[in-house]
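As given in TrEMBL:
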type	residues	note
BINDING	B:Pro156, B:Tyr157, B:Gly158, B:Gly159, B:Gly160, B:Thr161, B:Ser162, B:Glu289, B:Gly290, B:Ala291, B:Leu292, B:Gly293, B:Ile294, B:Ile295	FAD binding site
BINDING	B:Arg426	substrate binding site
DOMAIN	B:124-305	domain 'FAD-binding PCMH-type'
REGION	B:1-25	region 'Disordered'
SITE	B:Arg340	site 'Important for enzyme activity'
There are 2 protein chains.
Amino acid sequence: MPEHPELTIQGWGAPTRPRDATVAPGREGDDGTLVFAPFPPLAEVLPKAARRHLARELGWTPRATPPVAVREIRLAPSRLAEECRLRLVELLGEEHVRTDRDSRLRHAGGRSYLDLLRRREGDASDAPDAVVTPGSTGEAAALLGLCSEMGVVVVPYGGGTSVVGGLSGSDADDRPSISVDLGRMAEVTALDVPSSLVTVGPGMRGPALEEHLGEHRLTLGHLPQSWEFATLGGYAATRSAGQASTGLGRFDDLVAGLTLATPTGVLELGHPPASAAGPDLLGLALGSEGALGIITELRLRVRPRTRAGRYEGWSFRSWAAGLAGLQRLARHDLLPDVVRLSDPDETRANLLMSGGAGARALRGSLRARRHGAGCLLVVGWEGVPHLVRARAKAAASVLRDGGAVRVGRRVGESWRRHRFSAPYLRDSLMDAGLLVETLETAATWTALPGVYDAVRGALREALGSRGRTPLVLSHVSHGYATGASLYVTVLADRDDDLPIQQWLTAKRAATDALVAAGGTLTHHHAVGADHRPWLEREVGPLGVEVLRAVKQRLDPRGVCNPGVLLPD
Amino acid sequence: MPEHPELTIQGWGAPTRPRDATVAPGREGDDGTLVFAPFPPLAEVLPKAARRHLARELGWTPRATPPVAVREIRLAPSRLAEECRLRLVELLGEEHVRTDRDSRLRHAGGRSYLDLLRRREGDASDAPDAVVTPGSTGEAAALLGLCSEMGVVVVPYGGGTSVVGGLSGSDADDRPSISVDLGRMAEVTALDVPSSLVTVGPGMRGPALEEHLGEHRLTLGHLPQSWEFATLGGYAATRSAGQASTGLGRFDDLVAGLTLATPTGVLELGHPPASAAGPDLLGLALGSEGALGIITELRLRVRPRTRAGRYEGWSFRSWAAGLAGLQRLARHDLLPDVVRLSDPDETRANLLMSGGAGARALRGSLRARRHGAGCLLVVGWEGVPHLVRARAKAAASVLRDGGAVRVGRRVGESWRRHRFSAPYLRDSLMDAGLLVETLETAATWTALPGVYDAVRGALREALGSRGRTPLVLSHVSHGYATGASLYVTVLADRDDDLPIQQWLTAKRAATDALVAAGGTLTHHHAVGADHRPWLEREVGPLGVEVLRAVKQRLDPRGVCNPGVLLPD
């Protein structure tokens, strides 16, 4: 099959990270206040064919539904008592305790569709009462002890990219809350090259770490879609997975150790390279979402910069054939480092979005091979050149046996180039009256087809009422020997009267369906506020009680991010 | 370098598993009572050159120090109240509640040098007061509830191969104890081939599982030295590592899920393939050593039977060069599936043990290349043939760059053939007046040389008094990107008057030294009774408190294996 030089392959509005200039975390204008940068109109960011496709599929009429101006966002006065504020100032210094409107707005909520909806409507009721910036593990530990004593809720803040309400700050007792921004703890503090270990502060972002490591010809290689904004501490607290996690491992696998400051003391966890000294306490801190304390330092496993990277596109005639092909690769430990299999709906949408002759030519040649309603697969390998070649060859043999057709490296390289760009679409889509959100899960290979059907069915039913038809685009984003993740983007005509209720209903239906079909509650977005009603179904009532016992020991007054993870 | 057809490469008396016919777990004679099979004399199992080497190095005079006869082992009457026994019988049936001498002796202690010393001296004070055999998760859960109510200590029993006092059954309150033998829960209950998952009972042994999986052309591939005897539940409870764990992963990595019965309920943990739904509770059950409850079912990741296996021997001129070579492989993700680098002392001992022309020729050719005081490395790969070739080629290039010389496949194949035979030597060595024990740790590549020096120094000093010189043989047994494990075998002239004190002193010195140098308390033998005084140094006082909080929630009366893991 010929190569397609002009093709670009992108996802659709996966809301996993903030745009630089959106409502929150916001950007300072020349006058020092928060401003909106205007989002580009949809016509600028989406080809005409794609807009037509959306209008036709969704029954959606493009319309202007802009957000309120920042000055119109409602923000209640800070509830933090002056006496408490002074004690925080005493600990951290005046410049590291902020209660001004801009600081509070910038740390309000995360980046879920619901967060954006609320902010667009002018609602910042979840904004913290203050923002503080500790500079060390010692300060963070002292801060937690002080807040526990004062009854002040603590919400750690990294990149603000949570899409599951991880920053909600809600508290059953309605205590004041502070956002603990870790931006001052964002340095590399040690590098042990022979042991492939780097020690970093939790507030460091991926690009800064990669820049530092690049000077030593090393890389971390963890590349979630939120990479430009999310922090390393946030990855650990939420059990993140990156785009190359199929090969390099989930973020969990990259953490050799960490420091967790809690209201009752500091834990130093993890003993690289491996230990059998009792249960894994490091695994309790990973995924703790701030509910046990604040991660104040991380030891991460790094790798030499790769000497060869190879990305390819393949096509399967059907979703079932695609899943079967990946499953065969998985069983034989032949999965590439990057694996992304789009279902027919996502494949069609991607090809329509990619304007230009390349995409047209690809669509034509796929139709000619009876892959017109098929599934595109992007695969990628990184590493020592001759091992990349050997692995790619072994995988190609399995893929061909499964009926796949190679569509060339340009498709793979195009995906790689545009891997972080999809979320930038979201605000433009929302400005034009669309609902756009994502959700994700994972299941064994045996359960995965049922989970896929269940989620799609639930979303279509929940969002398909009143003449609307949602578009549900799915892909496998991470493969394992035992199963795979499923990432779902949903677009629908927004209910302008009850937009939040519209999504809550759909989300509840989809989550009920995926859990009932054997999917996990979340594969890499974490629990947050949004998923916690389902945690008991995931780990059982006794599992929740075990987590409560740990929290009770470390955070007896329950000040650590009480709105997430554990059900009320 | 020429191949050496007659060479056999073995370890030295690594006491990680029971001999079929030794004191415990014992074997029934024709009359239904426990008997000793006589151990072969040392002259039969060790070449003359090796015996001379030992005598010369250790200052040891071979002498007969046989164990007492089984009938002379002292066993106190069962302390289990008849009322309690009857309630157990009511739950499990008469045939599943044993208080006879043979059953109790067979479940007394594990396989550490201290366990063997005590049994050889006729001391079975750590024998359980009864042995019970539940047949299901439900029965195990009910049993735990009942024992919690009655104040009876519960010690899970798999293969009885603990080398760290994991079966000690000791209890600060001196309550009666029962051994819960999981031998009735030893079946494959489900096999999901597409998802590479098998569901098994905890009492199943590796060989039985491999036989079952072999019918489906699958394998688990977990091969610790205790493989012939240890159980799958035991691997999980102790965080075992197998000989191919460098490539296939530790046992932790093979467990996709498990069921943990506790006194307060049953936990179903793990959600394959992966989840971000909060902290990892499965990791709390792994390594829990019976202190939180009983593992009653496991879901394990299996693989297709390999189509190619390749094992090779290499030689380095020095230990430092060998470690540097492995570290380079590790950094570039080029470690073979099996990696075993012997230090000069172990290399020399191995070559002396391997009688015959092959070993002599190898010694000669190593001397000729100035590798006479060098280090042998055994490496092995399993998998798809052309990937095995590609990986072996890439590794060979790195090894050669590091000054290594290939000594041929026979050395590797010899190791593979004899991989389980070393422990059979141990009883013969002990019969002849020797101390023989092993210990292990792991550290980052940067810390490993210091840990090696510290352990050797401590053992030599502790055991070298009074004219004795111990032989300390070490090897790296598992490699990781961030570091490696270190496995140490120690042989010395036994102190016939105070043999237990002799080893306790040495063990304490070695453990203090390795922990101080940055090693982990244990890489794959677990904590047990022997290591628990050091647990706080490993995870900190607050880490111990977190484990206590979990135990308190699941086992409020503290009946679950109270003698292990957590310090008093």
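One is the number of the first residue shown, and numbering goes on along the chain from there.
The backbone N, Cα and C atoms fix where each Cβ goes, glycine too.
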With a 10 Å radius around each C-beta, find which of these binding-site residues (B:Gly158, B:Gly290) has the fewest other C-beta atoms nearby.
B:Gly290
If you measure every Cα to Cα distance among B:Pro156, B:Tyr157, B:Gly158, B:Gly159, B:Gly160, B:Thr161, B:Ser162, B:Glu289, B:Gly290, B:Ala291, B:Leu292, B:Gly293, B:Ile294, B:Ile295, the residues said to bind FAD, what is the biggest one in Å?
20
Which of the binding-site residues B:Ser162, B:Gly290, B:Leu292 has its Cα closest in space to the Cα of B:Arg340 (site 'Important for enzyme activity')?
B:Ser162
From the Cα of B:Arg426 (substrate binding site) across to the Cα of B:Ser162 (FAD binding site), what is the distance in angstrom?
15
Out of the binding-site residues listed (B:Pro156, B:Gly158, B:Gly160, B:Gly290, B:Leu292, B:Ile294), which are within 10 Å of B:Arg426 (substrate binding site), Cα to Cα?
none
Other than its own, how many Cβ atoms are within 10 Å of the Cβ belonging to the residue listed as 'substrate binding site'?
26
